[in-house]
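Below is one structure; the comments refer to it alone.
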């Protein structure tokens, strides 16, 4: 871990995409938190599911500032200079993917003249909220974040990247990423069953206070798991921790998708192809949202951890180098 101190803060590949995903993940995490607090305080009645969905949409739209702020600060730390570019990608990339999935699913519903289809006027309203409120707020957040001083790395970055030695089996990227998602998924496993029942079996969900506790436990578990895996990789002199920290906790979404498939096969009696397509389409959208949320939480925890340990190691390292230089001078 001491040998890679000059490479551990080397910017990741595809830094714009990385900053965009983290910013959108922060926006989703804050949206979930505020909505769950309102629901736990009985401001949102479970007998009116439209109220919960409305609160989620409004919170997401109004929290564009934290998304742009987070993305811009990371982008500036990676050496970026065009804050308008990162603001545009943050405002467009992830929301457009979610919107496209939702639009395709509703095309199927419109084609079959389903009563559950979202009206065209609702889509126009969503677009208005997206481009007229959320996008300007993201630009404001990016502007404010770019005006802030850049994050200074505790240790300077070497000009020549250090070669990463051969890694043991337990630190292989794919294996460690997939295994690390099991623990966070275990935190939400029980509540996930009741949530899916409320969505697909039309059952009321009343345990928002307990769900808020589970949400906090999920954040803590994602943070601890990612920090532990990051420490193992640093000890094996692998300094590519940026993307891995995001994917480590983000892999929770993989198990959510697999469990949704199990729930579909064992709990739901759906046989026609259109209903199956709609189920897995909505599940894919929720999986992507969960991936952004858990990935951002894992990265931010890991980012704090790496900066913390290397800000402490730095002074010990400098003192040791000074002692060695003095010893060599008097020999």
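Glycine is no exception: its Cβ is also placed from the backbone N, Cα and C atoms.
These come from TrEMBL:
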type	residues	note
TRANSMEM	21-44	transmembrane segment
TRANSMEM	50-74	transmembrane segment
TRANSMEM	86-110	transmembrane segment
TRANSMEM	122-146	transmembrane segment
TRANSMEM	174-196	transmembrane segment
TRANSMEM	208-234	transmembrane segment
TRANSMEM	246-265	transmembrane segment
TRANSMEM	277-306	transmembrane segment
Look at every Cβ pair spanning the transmembrane segment (174-196) and the transmembrane segment (122-146), keep those 6 or more apart in sequence, and say whether at least 3 of them are under 8 Å. no
Applying the under-8 angstroms CB criterion, which one of 21-44, 122-146, 208-234, 277-306 scores highest with the transmembrane segment (50-74)? 122-146
Do the transmembrane segment (86-110) and the transmembrane segment (246-265) share at least 3 Cβ pairs under 8 Å, sequence separation 6 or more? no
Same-chain residues near the transmembrane segment (122-146), Cβ under 8 Å, at least 6 residues beyond its ends: 57, 60-73, 75-76, 83-84, 86-87, 90-92, 95, 99, 103, 106
